[in-house]
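Student: Please find one structure pasted underneath; my questions will follow.
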Amino acid sequence: MSASNDWIARADRRIMKTYGRYPLVAVRGEGCRLWDADGKGYLDFLAGVAVNNLGHCHPKVVAALQQQATQLLHCSNYYHIPSQIELAEILCEHSFGERVFFCNSGAEANEAAIKLARKFSREKHGEERYEVITAVASFHGRTIATISATGQEKVKAGFSPMLPGFKYVPFGDIEALRAALTPSSCAVMLEPIQGEGGVNVPPPGYLRAVRELCDQNGLVLIYDEVQVGCGRTGKLFAHQHEGVEPDLMTLAKALAGGPPIGALVAREEHAATLGPGTHGSTFGGNPLVTAAGVAAMKVLLEDGVLENCVTMGEYLRGRLEEMKSRYGFAREVRGQGLILGMELSIEGGEIVKTALERGLLINCTVGSVLRFVPPLTVTRAEIDEALEILDGILAEIEN
Ligand SMILES: *Cc1c(COP(=O)(O)O)cnc(C)c1O
């Protein structure tokens, strides 16, 4: 029995089956590559679902973790934590933000945003303001509040009753949002580009129109940048392409270059709502992950990673467009920077499986959108290699 098969058999007995896992046992990663327990290498164009933006085990992130691990692993948020303060400073220096709350995941960051928005609106506008409007096909996490916020039925099945106070509108449709407003409306929460929902990019001007609508109606504007933040689209934060600022922004995935982290970034006015005792997290912003976060953000900002994301994003997009023109079942290529999706008129699941067998990791969202989220450090040669594998697979499918 191979080492991988042995692990898979053990997983089969003891790990809860909450994921449809592929038969890959990951043991080592470097840059754009991942190796399994039998030594087989893969080109990783999933990057831990947009977590490993700097590639696997970036040496500066690893060094920061090693250094911090010898100093202090954990201490309570009753005390001040230098690396947490530094990371907050970096985030605020490079965004609209003035204060940061740290937690451990994207769902937690969105929970914090929802709590803040409700308390803020209630205090500012009155008791009846609690409803958060989100988008159809959005994804905001897997806790009860965040599945309630998510505009997809499949994440809610079996878990009712949902948390009340959420409403969904078609993404990119400003009139639908306007029509959804009621005296209960408190906040609008959107991904600037929908990731899990199929790499959906809103029409130009939409985010600006949403901002204006929020301003006119005293609504808190929340951007969920858990997936598209931290350089993924070629700017540090995706909303910066349109130059429209939210009131709250949530981050997680790539923020610490791999280790688990979440953050809620807010303007002062809103941040002031969450005073002592109103919210918290034992591990949130702990020394280890925030030391990694500081290192990861510095690499992102100082080592040309954003520039590489823009150039390689254009290159990958061009190659995908070219491929689309050759395959009748390929409908559309969309996205920004290095979050790209190729929508097919067929199911994408088998393509993902075959790609894995041939050494390429990608995934498929909403059944038919192949998603490419490689490390932002990806090279042209790695893109060529990945696309050769993909082209080979698509060529075997009936056109
Ligand atoms: C992944 C994701 C989340 C959830 O993050 P977790 O860390 O898995 O809780 C929330 N929002 C968006 C847009 C995401 O892509």
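Note: Cβ is positioned from N, Cα and C throughout, glycine not excepted.
Taken from TrEMBL, the feature pyridoxal 5'-phosphate binding site covers G106, A107, F139, D224, E225, V226, Q227, T282. The annotation N(2)-acetyl-L-ornithine binding site is assigned in TrEMBL to R142, S281. Annotated N6-(pyridoxal phosphate)lysine per TrEMBL: K253, in sequence order.
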Student: If you count the C-beta atoms lying within 10 Å of each candidate's C-beta, which of the binding-site residues A107, V226 ends up with the smallest number?
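Tutor: Output over binding-site residues A107, V226: least Cβ neighbours within 10 Å is A107.
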Student: Give the subset of the binding-site residues E225, S281, T282 lying near ligand 1, defined as CB under 6 A from any of its atoms.
Tutor: none
Student: Where among the binding-site residues S281, T282 do you find the Cβ with the fewest other Cβ atoms within 10 Å?
Tutor: T282
Student: For V226 (pyridoxal 5'-phosphate binding site), identify the closest of the recorded positions R142, K253, S281, judging by Cα separation.
Tutor: K253
Student: Report, in whole Å, the straight Cα-to-Cα distance of R142 (N(2)-acetyl-L-ornithine binding site) from G106 (pyridoxal 5'-phosphate binding site).
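Tutor: Taking the Cα atoms only, G106 (pyridoxal 5'-phosphate binding site) lies 9 Å from R142 (N(2)-acetyl-L-ornithine binding site).
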Student: Can you check which residues sit near F139 (pyridoxal 5'-phosphate binding site), meaning Cβ under 8 Å from its Cβ, same chain, 6 or more apart in sequence, and list them in order?
Tutor: T150, Q152, V155, E191, Q194, G195, E196, G197
Student: Let me know the most crowded of the recorded positions, choosing from R142, K253 and counting other Cβ atoms within 10 Å.
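Tutor: For the recorded positions R142, K253, the Cβ with the most other Cβ atoms within 10 Å is K253.
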Student: Give me the count of other Cβ atoms within 10 A of the Cβ belonging to Q227 (pyridoxal 5'-phosphate binding site).
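Tutor: 27, counting other Cβ atoms within 10 Å of Q227 (pyridoxal 5'-phosphate binding site).
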Student: Sorry to bug you, but what's the C-alpha spacing from R142 (N(2)-acetyl-L-ornithine binding site) to A107 (pyridoxal 5'-phosphate binding site), rounded to the closest Å?
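Tutor: Cα-Cα, rounded: 6 Å.
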Student: Compare the Cα of D224 (pyridoxal 5'-phosphate binding site) against each of the recorded positions R142, K253, S281 and report the nearest.
Tutor: K253
Student: Report, as a single number, how many Cβ atoms besides its own are within 10 Å of the Cβ of E225 (pyridoxal 5'-phosphate binding site).
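Tutor: Other Cβ atoms within 10 Å of E225 (pyridoxal 5'-phosphate binding site): 31.
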